């Protein structure tokens, strides 16, 4: 309650800084001055006038700051000197601070009782060395039930106990936030979990599974790599299946890299017989995966770009910038023996393996085994393939480090002869590529000019094509004709004989001169 001050008591003078620094006090002073009341002589006024002023001005002032008007406790507990100077919490910026202090714990209390849990995918991003397994959705996000089964599959890696653990985890609430990367088990395992006793339910879940096909990469120590894939193999002979699944330890070790992962390399296949276009050109693609992994083949979109932005390139899905490739066109699969498979997932334009279509349009295909050197085509040319975005994708498949060329004795001897030739011509025993400044090693494509200088072919290719057939050496500036005709073998033999005869004549002349010099000296 407000306590009036006697008239004979002098009113204290408010500090100048308090009136100038406080914007609310200044506005309050302007309000009182406009009504004919001096704020310094406010104490000399009647109590009724003093009560009327807060009743009319405080409510409007508090509304400007969005403060509730039921803060009577704060205003009643203010000190007398604060009420006199116009700096009470009810009419100054102090009310905002006190209100925030009173209300902040109430707003933050639920957050403290329900802390945010970091998803498993975020733990992968924070980890310096990227860990496996990972899973990416290239299409629509998954549901909460799907994430519950996925989280358990990541922890257990046991297909038989998935249903029991899932029932135990159902009462607990889960986070509905969908992340771009969620660790999970293969989609085929999810099909068995969700499917009921009747076969129709399983078929419907299978259709939904391939509609939201996921990109799965497992580590090298993934158990049951072949079982979790649920392969649907075509009918083959017993001998072929025996050779496929019975791999000795030496062959299996050769198929793996130093981290125990299998690999696949895709290079563009240039069809010389095609008269219209050569297909979509792309840089060689190398992907690595552990047993039981599933690599999605699809179209490059913004969603895919955001999903793979924090994943190493060797674990990316196989995506192309072509309209004839569906968003989830198909997938590669690899089992525990290092065997690779291709599956068409209801693509509209089709998947062709060695010029044979795997399945009709909008239908699933079998898990067809792949062999080293197979030709794979995704889609068909649209509008004649005049635009690059409407061209099909043709590629050659190389499996399990088969493209790695090992330097044998012949390669090393060839490089040694090249270095000896450079030593004779330039006096330098070992010359690096003058374009990229890297060493020339065995099993590399090398271009040797007639002046005995050499470069990597990919480095000098543009210089060769720029003024072909004339070539100007960038090192010594000598010019040569790359289309110059070769001499016949007979002429070469005759030139060799003539050169050998000339050498004999020169040697004899030198011997005769030396003998004359010896005879002349007594």
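Positions of Cβ are set from backbone N, Cα and C atoms, glycine also.
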- Item | Selected residue, Swiss-Prot feature ubiquitin cross-link, from candidates 253, 258 | 258
- Item | ubiquitin cross-link: annotated position in Swiss-Prot, out of 343, 404 | 343
- Swiss-Prot tags one of 211, 323 as ubiquitin cross-link; which one? 211
- Task: Write down the single range among 1-56, 113-168 that appears in Swiss-Prot as region 'Disordered'.
- Result: 1-56
- Can you tell which of 366, 516 Swiss-Prot marks as ubiquitin cross-link? 366
